[in-house]
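K.L.:
Reproduced below are the annotations present in Swiss-Prot:
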- 1-18: signal peptide (SIGNAL)
- N69: N-linked glycosylation site (CARBOHYD)
- N114: N-linked glycosylation site (CARBOHYD)
- C136-C201: disulfide bond (DISULFID)
- N166: N-linked glycosylation site (CARBOHYD)
- Y173, K209: 1-acyl-sn-glycero-3-phospho-(1D-myo-inositol) binding site (BINDING)
- C179-C229: disulfide bond (DISULFID)
- C189-C231: disulfide bond (DISULFID)
- K209: 1-acyl-sn-glycero-3-phospho-L-serine binding site (BINDING)
Amino acid sequence: MSMLFYTLITAFLIGTQAEPHSESNVPAGHTIPQAHWTKLQHSLDTALRRARSAPAAAIAARVAGQTRNITVDPRLFKKRRLRSPRVLFSTQPPPEAADTQDLDFEVGGAAPFNRTHRSKRSSSHPIFHRGEFSVCDSVSVWVGDKTTATDIKGKEVMVLGEVNINNSVFKQYFFETKCRDPNPVDSGCRGIDSKHWNSYCTTTHTFVKALTMDGKQAAWRFIRIDTACVCVLSRKAVRRA
């Protein structure tokens, strides 16, 4: 009987200690009124509805206006893994006729922050081959007005057009190559046996590291740009008599 009595007393004490505290036990000054949470939830819902209903063009324009206020540490460009010969930050436009063999140049006498070091190829060659033509015609230009791009995850992201580096506004340029014409000749690609092959020229892509918008901060992302023009072949069906 005594053992049962002690067991009941112990169970009662444990239940008393485990009982949830009432609001009267909460220290003064730490209670948050329910009206505050209701107002906060209403504000979040309103902001979410506005973000979903805002046109993409308006968002891009707002982001473009904020890029001048984004300051980037120049030491960030010293990391080799972030360098790309097809991405350039410069205060002046690159030359219109860019050389695809040497994308490393100096603008206005000052080297860009993300300049890479590659050996220059000689413009002269001891052997000249006459009558050589590319199967596809391509055009290469520096693009400085890119506002959106597709990242490596297939998501559309905002590209930073301009950034502030050492109190100077640098513009982000991308060296892109694309096909001039999908059919340089009537049969498709140049120099292809049209009797046995179907052919056409198409632009291919690659991913480069670029500065993009991540909320209100700049972030490095892999984005897709046009980088080459290649010939696509498919064998024609053989007609049997």
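Heads up, the Cβ atoms here are built off N, Cα and C, so glycines get one too.
Describe the structural surroundings of these features, if you would.
P.N.:
For C201 (disulfide bond), other Cβ atoms within 10 Å of its Cβ number 23. Taken residue by residue with DSSP, C201 (disulfide bond) is part of a strand.
The 10 Å shell around the Cβ of N166 (N-linked glycosylation site) contains 10 further Cβ atoms across the protein chains shown.
A strand conformation is recorded for Y173 (1-acyl-sn-glycero-3-phospho-(1D-myo-inositol) binding site) in the three-state DSSP classification.
According to DSSP, C179 (disulfide bond) sits within a strand segment.
Spatially close to C231 (disulfide bond) yet at least six residues away along the chain are V135, C136, G188, C189, I192, S199, Y200, C201, judged by Cβ distances under 8 angstroms.
Of all the Cβ atoms in the protein chains shown, 17 others lie within 10 Å of the Cβ of K209 (1-acyl-sn-glycero-3-phospho-(1D-myo-inositol) binding site). The DSSP secondary structure for K209 (1-acyl-sn-glycero-3-phospho-(1D-myo-inositol) binding site) is strand.
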K.L.:
Around C179 (disulfide bond), how many other C-beta atoms are within 10 angstroms of its C-beta?
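P.N.:
The Cβ of C179 (disulfide bond) has 21 Cβ neighbours within 10 Å.
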K.L.:
Can you grab the distance from N166 (N-linked glycosylation site) over to C229 (disulfide bond)? Cα atoms, rounded to a whole Å.
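P.N.:
Answer for this pair: 38 Å between alpha carbons.
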